[in-house]
């Protein structure tokens, strides 16, 4: 059942250990990490994506769909050197991803699904409540015991306030016994879900399981453009929304670290099965990096 008391989000500084943050993630399905991106990186990143964001027109439909008064931009790796050289090199991000997705001795168990700037305009309506794992519809059938398929580091680029529509999350909803579509009237929680706003300053983020019920709030302001950077990460066995290895130029990919190349699909993920090495997203049984002319990895990512 939905929580009886008003929910609250646990908060930790980015200096906290990955184990502390992961414990809160397991308990609530979501947790705020304060100072996840350093202030100077946030400022430079925002400046670097500004030209692209200014070219995007806003569709106003008044029907509450995903395009209503919201700008979206997914070519962060192309537009922003700060993004590809600094933000995605966060050791804390990878330490948490390893705890959520990876198995010992099997390399990176995850890669990027999308990396998107989301800018919610004044007057934007509230988003319907949903779970991100509904992107892969069959996952809900596994309920709370199912493995994580998708998670998100949702980072504030501008302040998140209740007035400008900060995301509303339902802590603990990753443990509800039934994962039905929560907007259907046969859902036990239909119309009863209590949520908490993710109030954040630029550089803060909330880490959220794909099982957690959430939705953007109503931007009731007349001036606030609420900008975020969503780092959506999925299990390596799943196909991502963005075809990064086809859209990001090789010139930029060559400048990335080995683990970032893997995150964007320029290197294969490695898994050991019955003594054999299997390459996900490989080429003729080998790491796709060989086909692309990248240097051999120093370790099996």
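Quick reminder: no glycine exception, Cβ is built from N, Cα and C everywhere.
Per Swiss-Prot, the substrate site holds 72, 167, 226; the candidate it also names there, chosen from 127, 261, 271, is 127. Just one of 214, 218, 279 is listed by Swiss-Prot for the same Fe cation site as 130, 132, and that one is 214.
In the three-state DSSP assignment, the secondary structure recorded for residue 132 (Fe cation binding site) is helix. Shown are the binding-site residues 130, 214, 226; of these, the residue with the fewest other Cβ atoms within 10 Å is 130. Note on proximity: of the binding-site residues 72, 130, 132, 167, 226, the one nearest residue 232 (site 'Important for reaction specificity') is 132, by Cα distance. A 10 Å cutoff on Cβ-Cβ distances gives residue 132 (Fe cation binding site) a total of 23 other Cβ atoms nearby, all chains included.
Classification of residue 226 (substrate binding site) by DSSP places it within a strand.
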